Amino acid sequence: MSEINKELIEHAVRDILKAIGEDPDREGLLDTPKRVAKMYEEVFSGLNEDPKEHFKTIFGEDHEELVLVKDIAFHSMCEHHLVPFYGKAHVAYIPRGGKVTGLSKLARAVEAVAKRPQLQERITSTIADSMVETLNPHGVMIVVEAEHMCMTMRGVKKPGAKTVTSAVRGTFANDAAARAEVLSFIKND
């Protein structure tokens with residue numbers, strides 16, 4: 001993926017401001033195109049990042065039981081409206097063959113996938129599939145819950161409504177008790 005073209009974004013933001021009847025040269029908006037371009041560089045930084053790279057750090061550990069990192073806060077941008085959605089990701093896996101990854105790597109992978117124009121469903125499945133491809137665990141279960149500003153600010157206007165998605169692979173796809181265990185841990189604070 002190429003670098004974000006901030007100059008092109010600045011011109012586009014100026015055009016949008018003009019199109020909605022604003023004066024992009026007035027004091028409050030004068031630097032807005034630059035600020036938006038800088039923000040887009042940050043919030044879309046995942047476009048240049050492969051989440052699988054985070055799972056290349058492996059620790060040889062004889063552990064083949066559940067590992068769960070829950071409540072990983074994230075934010076992303078809805079690809080349909082380019083407005084934010086944000087929430088928490090819960091990442092669970094059962095390692096296989098001594099392949100345990102660092103806990104921070106799970107959070108970094110969530111960030112890499114979220115920081116791009118995105119759909120919640122794709123975030124969920126991309127994290128799961130990246131883990132399966134690189135770690136070959138017995139099972140992976142990802143649960144993502146998020147509030148979408150496209151449902152809060154426009155259209156149906158339902159603030160507080162949360163969308164929950166899940167992706168289950170391996171053991172979790174076939175074992176209801178294993179899925180229930182993860183869900184019980186997620187619910188407990």
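Just so it is clear, glycine is given a Cβ too, placed from its N, Cα and C backbone atoms.
Features of the protein shown, as given by Swiss-Prot:
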{"type": "BINDING", "residues": "C78, H81, C150", "note": "Zn(2+) binding site"}
Tell me the Cβ neighbour count for C150 (Zn(2+) binding site), meaning other Cβ atoms within 10 Å of its Cβ, over all protein chains shown.
16
Residues with Cβ closer than 8 Å to the Cβ of C78 (Zn(2+) binding site), same chain and 6+ apart in sequence?
P84, F85, P117, Q118, L119, H148, M149, C150
Taking only same-chain residues 6+ apart in sequence, whose CB is under 8 Å from that of H81 (Zn(2+) binding site), what do you get?
M149, C150, R154
May I have the list of same-chain residues other than C78, H81, C150 whose Cβ is within 8 Å of the Cβ centroid of the recorded Zn(2+) site, in sequence order?
M77, E79, H80, L82, V83, F85, H148, M149, M151, R154
